[in-house]
């Protein structure tokens, strides 16, 4: 599954309203009867919904600088991990004699992250001071900040700068946990935390740290199981986390544990398919889980159970009818079906 940002965008004024507010900005400051909010737009271009490089970006991974390293003698700055793969500066082509830590610039980046996604809001009339001026306060927009952090993390992760990705994701986790302490275990916050913890698990798995990966996936499962089971995205993320734990146990040779997690994922997906019988992706998910459980059954010598699982998955996929525009799902269906048939020698 392609990682996606688990955050919903905060509501913003439409374009027409934004333009009008901009044209009348000076006037609005003087009109005490109005209280408006300013959309959280970053002047450097680091907005959660856009892909724009700013002055604090690494030109290699295209994420915010992490563990800044200055090239000597050209003085161009990159993430330390990113530039370590080069002998010549990617920007100017100069030979890199050595690199030096740029702690001053890194401090600027860290402060920028800390202050990002804070927006000005005008208080209501009752909160204005005696002079009639509008009082301005700063508020955290946690969804925007979360989306921003996840965006930066995924850029770094795709560029194999895993430590940078983990750093941003941990900040995001801390933010969400802080919100949970204030608001309680709401469905929205738990789903966000579960998704980000799962992505942290992916980062650890990518570096071969299976133990930490399992810890993050298990914590993800813990939060996601607190949520209603009628949300397809939540149940899919939950089942994926369970499968990833199963995969790690499988590769470690612990087949009984692998089967247990695969079976839990299968049960989650069966329930989702029962509640949403007309959603093709749910049927595909169930077939994949059946294949995983059957594969483990074969590995532990339970051939009859394995054959039954493969056959059930094949039956499900053959009964699945997809629309012409669902090309991606059809390709996935055929791929899984081919694997299942090969397992049965068909």
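Glycine too: its Cβ is placed from the backbone N, Cα and C atoms.
A TrEMBL annotation is a machine prediction, not a hand-curated record.
Looking at 1-40, 41-80, the range annotated in TrEMBL as region 'Disordered' turns out to be 1-40. In the predicted structure, the domain 'RING-type' (58-92) carries a mean pLDDT of 95. Across the domain 'RING-type' (58-92), DSSP classifies residues as 4 helix, 10 strand, 21 coil.
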